[in-house]
């Protein structure tokens, strides 16, 4: 049985980062809503309480009874989690005189405390809170302070319960990983035995037990997630897996043909379906982004339903859903941020059970699994691409001509990123493509005046988008070389009929999302 850390999510934007940091310690963890602790799970070895956008004294704040957890498992509260435990045990939490956001340094701390083992003196930590603990209960002790925060960290005396008002999961906390290692490995006893290989071994065994001799259909998109899911399932159930790759007409240039070839080389049983005319017809005149996503999602259901009925006795629908898909589709408060193609809707109409073997993995973990499975590097390192394809990179309504323009521009941009060689941090040669997390071109709903030769033009503008990230939860715009952008801009304007202006998007996430729609 795989031991795990449970992270109780109180709605923090950095909850996913906590999970990533724990998994980087080769220890498995799961995030569950703050009020859904799995009390009957014998594999739990420790609990982390996340931050929250609420104040602990707000009537609407998320609150939970920890009496059945405390004393049974080691607990680490982060930010709100720390404030919540202090407040509910009789401590005081009040609005800070000055809001604490950004860098701070540990001015005093108990170096003998197991949570702070090997944490350096004056180590930088990252603060992000508007409230602060002003008094702790009698059975609590302060174990760290900063210049402005007297109670930066505490421990409940004689208990394996700690709280920190800073964020060890954030990169800017210099010894944050060490602190988390102290908790996960030394205090909770984590064996650090979770890896891509162990995930494959466990998941294949679970899939065999779950699926038995049932037949499964899986929707391939050409992306990393569905491809790795397919190879993993193929390893578990072989010929009982049938993959369906639908061309909705909004794939990248030549993608349908190239991806089908890749899948055949992997030994997958794949059916390719050209449904482009159906999608173009149903999307005609539709401009609103969410409507476009819904139409494409429904279109996939229709095509899948038709193809699945041609296969006898199919019982399961498999998808390449990963963690960020689930988090962006539904927040802890139930507010829809953006509908994801992979989340919701499909199994209900098709009357199939749902299988999502990668649902609890982050993107980089999916790639590690793909490498462990022996998949070719060009498939594993492909940039993320939205399920609705170029439809959400065309602002406004969709037409075959707009798709043609965007395909041509995108092909020039992506190939340019692949061809432009640079040195990585270790001095090894790589390409710009492998230095960015995701890139693409957006066709803007505007036209602008230009001059080509001696003639005035009035043609479309496109925006280039490239971001750096590790998990898609946050992202920064990529600082591409000016020489590269000048070349790509020139190539697009000269080679793509209908475009006379190229812009570059320098928005980070948040506040923007990676995709424009």
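Note that Cβ sites are derived from N, Cα and C of the backbone, with glycine treated the same way.
If you look up Swiss-Prot, you'll see 4-193 marked as domain 'Glutamine amidotransferase type-1'. Among the features that Swiss-Prot reports, active site, nucleophile is placed at 79. The active site annotation in Swiss-Prot covers 167, 169. The domain 'GMPS ATP-PPase' feature in Swiss-Prot is assigned to 194-382. Among the features that Swiss-Prot reports, ATP binding site is placed at 221, 222, 223, 224, 225, 226, 227, with the record citing sequence analysis.
Fewest Cβ neighbours within 10 Å among the recorded positions 79, 224: that distinction goes to 224.
Candidate recorded positions: 79, 222, 223, 224, 225. Nearest to residue 169 (active site) by Cα distance: 79.
Burial estimate for the binding-site residues (221, 226, 227): highest at 227, by number of other CB atoms within 10 Å.
Within 10 Å of the C-beta atom of residue 169 (active site) sit 27 other C-beta atoms, taking all shown protein chains into account. In sequence order, 220, 228, 229, 320, 382, 385 are the same-chain residues whose CB sits within 8 A of the CB centroid of 221, 222, 223, 224, 225, 226, 227, the residues recorded for ATP being left out. Only 167, of the recorded positions 167, 224, 226, 227, have a C-alpha within 10 angstroms of the C-alpha of the residue listed as 'active site, nucleophile'.
Within the same chain, the residues at least 6 positions away from residue 222 (ATP binding site) whose Cβ sits under 8 Å from its Cβ are 245, 251, 255, 259, 382, 385, listed in sequence order. Residue 167 (active site) and residue 223 (ATP binding site) are 33 Å apart (CA-CA, integer value). Under 8 Å, Cβ to Cβ, and six or more positions away along its own chain, residue 167 (active site) finds 14, 51, 78, 79, 125, 126, 127, 128, 173, 176. Neighbour counts were taken as the number of other C-beta atoms within 10 angstroms of each residue's C-beta; across the binding-site residues 223, 225, the minimum falls on 223. Annotation note: residue 223 (ATP binding site) sits in a coil segment as assigned by DSSP. Model confidence over the domain 'Glutamine amidotransferase type-1' (4-193) is summarised by a mean pLDDT of 92.
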